[in-house]
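Accompanying notes for the structure given below.
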Ligand SMILES: Nc1ncnc2c1ncn2[C@@H]1O[C@H](COP(=O)(O)OP(=O)(O)OP(=O)(O)O)[C@@H](O)[C@H]1O
Ligand SMILES: [Zn+2]
Ligand SMILES: [Zn+2]
């Protein structure tokens, strides 16, 4: 007689347990057990019970006497759908992650161990309960006494093997309802927050009043000063302190404890209705094409390549409207949500309570609440950053990815997935359509569109035939030759002045924050570097500190050179703080704001700056890449790009692409209203093709040139790249292990008759970022044809997993990234 067996991934972090374990299933569980359910299983020598997830069930007619039995089912139904589970397993293979990491990515947010199924009374049964069984009546009786009861408790109270069937029956006839809850976080309505009592007092002053020995108190003040209002729990953890210290600060009247309601529905308040636009002919054409293709089951992958301001968002909105009418659901991915408030506002402004917004500032409980709202079908649209691609809809009609070229769609944590690829896979599994949109398609996406894998829809004009901005290139070498040493060229200076006179707004872009980007001794050449990262420290003027932008380390700038003792310490390189400083000096009459990581760490500060720009309270906005995304301000007519070369000079194969994207996107903020716009691009490489093509708004020509280089130098889309970084505290060991791992991989390749791949392996070498956060880093780069890549991945994975268990390699870690964003 055949039996049911189940493959289970156990929730245990040890890498050697990263494989499915097979368990036998007790007879009375057979019918209820489904893949995607959590179970309790005996594990290891001591048969300790641990939680796990069923990824597969199958009939088996062999001997099962050697197998252990699943002890208990923890869910009454799968907590993720079959498709989502498959998506997770696909990611594991594609991105070489562990089972557990891959499953965690697709499971409900938070600690899946903490999830409980609760049973509620939905409608009290009428008096005619004669059709109900004795057990069913008992269940109802229990629920008459309690608002809700956990599945586990119910099982303990009503000892019956068929309890699941009874619950199901009662659910079917509308008496009961089940729901998931996570931990104790949900249901709590208030949370304590801590903030400084007075935000206008300088840090030095606050600190000077505290006893020198009370260093924890100082740390708390510093933390609040930097981060603003912080949940108590987070503060205790971040500063690693106790309630007592907080209390004593409160007594001193330095901090305030605020009780805040934990919002169950985190949609920002005060969003205005976003009126529907009558589509232009071209927008209409796009919309119809997509709807027709979907209807006739022709294509279901689309790329809308529309210049900046061509009205892509309106197409998304109306597309979604049409699909919801048909009972479908929609996922919209946007780059880091906090950076695209205008886009989010449009979705909420159009669809209101039908939208769930998944942003990074949600608490764990809120995140889970949203997940549940989606799962229960209470919303039809999810707008969110990359992980929203896993939103648990059951009737998904479309996934839209706005600004598809953005690198935030690639995860830097395990599994290191690319949300575009994941979205595509999910759409295939669930029969949904995929729509990518951008003014500057990634080379990979455009390549696929040209090959007919994705249907290309092009919008060449801005809405109402507004002109694209004129791009003026300024050669900074000429400026220098004519005696201008300032970071502002004469042209840019004049244009700003003119714009101020005209009462128009200006955006200045520079991709470096801080004041000076490095400080150095003029006598001996010493450069102040981070001791954890070996990267030069950036000087921040406002708090007179040196900061590491990689690990956050803070240091005091030296007065005399720590190496040779000279006092000729000089500050080089300009960041946004210096630009702000200069602009304020040059144009004292202008209202200036700066937007970068340093000015937006306080909650709400980001929105406040943008609101001020919108209201016309700002004449000149200076910022980093934060100001490149989706901003739509009609009075912005001038955009100045202070240094186009910062992205161009990175030792990375995407540097030309990034530069083209950046210039086009930042430039695209100009002239979106009734007035024409102009862009001034300052550069030392005026002839570079990405700068030239951006100047001409000629994406296709840029693409044609870049794609040739990709082919010649064997980069994506022609080849798949795998970056293996080997890192650890011990420099010698890192290099030693790297060489050994390399040797083993080569051996394996030969064993598998894959010698031909050897010529496309680079390294092992120290990585371009050789030391980060106290880890030394070595790198091996593999390039392979798509056809060979799965074999290669298999080998890399095996060698690395094998090594990570070996005692010899203690303290060494491996990071594998498939088609990484950058290879630094
Ligand atoms: N059919 C229309 N009629 C009038 N105005 C429209 C129409 N469609 C869009 N708009 C407006 O045109 C402006 C540009 O549209 P939108 O911001 O959607 O462009 P986009 O293509 O997404 O731009 P970007 O890629 O630069 O973010 C917006 O202010 C929008 O409200
Ligand atoms: Zn020196
Ligand atoms: Zn550092």
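Quick reminder: no glycine exception, Cβ is built from N, Cα and C everywhere.
TrEMBL lists 293-459 with the feature domain 'Helicase ATP-binding'. According to TrEMBL, the Zn(2+) 1 binding site annotation covers 521, 524, 561, 564. What TrEMBL lists as Zn(2+) 2 binding site is 530, 533, 548, 551. Here TrEMBL flags 556-721 as domain 'Helicase C-terminal'.
Structure with TrEMBL features highlighted.
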residue: 521; record: Zn(2+) 1 binding site; CB count, 10 Å: 21
residue: 524; record: Zn(2+) 1 binding site; CB count, 10 Å: 12
residue: 530; record: Zn(2+) 2 binding site; CB count, 10 Å: 24
residue: 533; record: Zn(2+) 2 binding site; CB count, 10 Å: 20
residue: 548; record: Zn(2+) 2 binding site; CB count, 10 Å: 21
residue: 551; record: Zn(2+) 2 binding site; CB count, 10 Å: 15
residue: 561; record: Zn(2+) 1 binding site; CB count, 10 Å: 19
residue: 564; record: Zn(2+) 1 binding site; CB count, 10 Å: 12
Binding-site residues whose CB lies under 6 angstroms from ligand 2, from 521, 530, 533, 548, 551, 564: 521, 564
Cβ-centroid neighbours of Zn(2+) 1 site 521, 524, 561, 564, 8 Å, sequence order: 522, 523, 525, 526, 562, 563, 565, 566, 568
PLDDT averaged over every residue in the domain 'Helicase ATP-binding' (293-459): 91
Entries of 524, 551, 564 (binding-site residues) sitting next to ligand 3, with Cβ under 6 Å as the cut-off: 551
Cα-Cα distance linking residue 521 (Zn(2+) 1 binding site) and residue 551 (Zn(2+) 2 binding site), given in Å to the nearest integer: 23
Additional residues around Zn(2+) 2, ordered along the sequence, whose Cβ is within 8 Å of the centroid of 530, 533, 548, 551: 531, 532, 534, 535, 537, 549, 550, 552, 553, 772, 773
Inter-residue Cα distance where the pair is residue 533 (Zn(2+) 2 binding site) and residue 521 (Zn(2+) 1 binding site), in Å: 20
Helix, strand or coil at residue 521 (Zn(2+) 1 binding site) [DSSP, three-state]: strand
Cα-to-Cα gap, residue 524 (Zn(2+) 1 binding site) vs residue 530 (Zn(2+) 2 binding site), nearest whole Å: 18
Alpha-carbon spacing, residue 561 (Zn(2+) 1 binding site) to residue 548 (Zn(2+) 2 binding site), which is rounded to whole Å: 19
Cα-to-Cα gap, residue 530 (Zn(2+) 2 binding site) vs residue 564 (Zn(2+) 1 binding site), nearest whole Å: 18
